[in-house]
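K.L.:
Found this in Swiss-Prot, in case it helps:
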- 26, 91, 130, 468: (6S)-5-formyl-5,6,7,8-tetrahydrofolate binding site (BINDING)
- 236-241, 255-261, 280-283, 366-368: GTP binding site (BINDING)
- 236, 255, 257, 260: K(+) binding site (BINDING)
- 240, 261: Mg(2+) binding site (BINDING)
- 226-385: domain 'TrmE-type G' (DOMAIN)
């Protein structure tokens, strides 16, 4: 990819807003080094200028004739092209107070830099050929990953594995297209061309590889996005107590008054490396209260959309008609029964409750005493992964799971190849077949950014935070 060094210099705070030990101001562009030199006073005797990629200690001043010191900093200059963006880059490590960072950034901007747009540093890295588009997207996904396994998934794409695989598929189709063009343009010459059987084999083999990538998207979804787990059950079964126990803090109001939870509460946690969105819902019961009726209706809707339902049952009372109705309406493997309040149940009550489940998966806990939480977490993880036919975390990283945009493009490419295979069988002329091959190659190029339209690039990079 050709170089597209920016003609201007951009700057932004590269660390999260708020108080912290260290905050970083990042600059990229042709004036980065000059701006740093204008604002920096070294504390090292005999300082003669910035050595590339070496941290230097000193003071940043405000750029006025008075040279008022703004902060005590560590600064580094990284010359192009071996930088993240492919341009001259400067990073100023300040103390992490918002007022300090704002003052230093203001001084930088007054020296001629402009504020960076969302994702502009990574966009410049892409435009300057430092990474392909799949790697650029992986940067944002690593930052947004809800758990460690999601980071691993994004890291595999940041390493360029997916982009290289897509390019290999596209290059194979390009080779086939070239051979078709030769056959069309020089029909009377004795040139080596693909036999129809070889042509079909190349198309089908590439289509199979694309199908696998598409399947990997859904099978890696729980690692990338996390799972939605809904807590449902009768009023006073202990759903809110269970939510609090899983979170390790009091989030939901717990009382003996039926119908305390009318709306739903949502919190995120990590269970055995799996990011989970826990949703506590209104208790299932018949009620004349209009607000509570809406809460019960919403509970059923949320349960139907969940990756897993934790059906919380008072182990002293067992399952009633509402619980039985919910279990009957749900798909097999989508409900884990949580037998709660085991600290207050007799052995006979607990045995009777287990028998009523007719072999359905269940875990016995006491939310009030915090007992059984580890077993519950393990069961949730196992059932979510089994139900979604999820790749293992290792396989999700090594098998190159694409994101949604990439998967949609892969589906379009696959449609072209499947139509092409049908054309081959029906004897469509090679020149028409070449049009479909060209279309499939073009779509694959969009994935890596070789031919991606500007509106798609804008959508991708606008989703980044400023400073990245």
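Heads up, residue numbers simply count up from 1 along the chain you see.
Even glycines carry a Cβ here, placed using N, Cα and C.
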K.L.:
Sort out the sequence-distant neighbours of residue 130 ((6S)-5-formyl-5,6,7,8-tetrahydrofolate binding site) for me: same chain, 6+ apart, CB within less than 8 Å of its CB, listed by position.
P.N.:
83, 84, 85, 86
K.L.:
Closest to residue 236 (GTP binding site): which of the binding-site residues 26, 91, 468, going by Cα position?
P.N.:
468
K.L.:
Near residue 26 ((6S)-5-formyl-5,6,7,8-tetrahydrofolate binding site), which residues of its chain come within a Cβ-Cβ distance under 8 Å, counting only those 6 or more away in sequence?
P.N.:
11, 12, 13, 14, 89, 90, 91, 116, 121, 467
K.L.:
Within a 10 Å radius around the Cβ, which one of these binding-site residues has the most neighbouring Cβ atoms: 239, 468?
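P.N.:
Result of the Cβ crowding comparison: 239.
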K.L.:
Please report the Cα separation of residue 240 (Mg(2+) binding site) and residue 367 (GTP binding site) in Å, rounded to an integer.
P.N.:
9
K.L.:
Could you state the whole-number distance in Å separating the C-alpha atoms of residue 468 ((6S)-5-formyl-5,6,7,8-tetrahydrofolate binding site) and residue 239 (GTP binding site)?
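P.N.:
Cα-Cα, rounded: 40 Å.
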K.L.:
Give me the count of other Cβ atoms within 10 A of the Cβ belonging to residue 236 (GTP binding site).
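P.N.:
So the number of other Cβ atoms within 10 Å of residue 236 (GTP binding site) is 21.
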K.L.:
Return the residues near residue 367 (GTP binding site) by Cβ distance under 8 Å, restricted to its own chain and a separation of at least 6 in sequence.
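P.N.:
Non-local contacts for residue 367 (GTP binding site): 238, 241, 242, 244, 245, 340, 341.
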K.L.:
Check the domain 'TrmE-type G' (226-385) for me and report the mean pLDDT.
P.N.:
78
K.L.:
Among all protein chains shown, how many Cβ atoms are found within 10 Å of the Cβ of residue 91 ((6S)-5-formyl-5,6,7,8-tetrahydrofolate binding site), not counting that one?
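P.N.:
That number is 20.
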K.L.:
With H, G and I counted as helix, E and B as strand and the rest as coil, say where DSSP puts residue 367 (GTP binding site).
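P.N.:
Once the DSSP labels are grouped into three classes, residue 367 (GTP binding site) ends up as coil.
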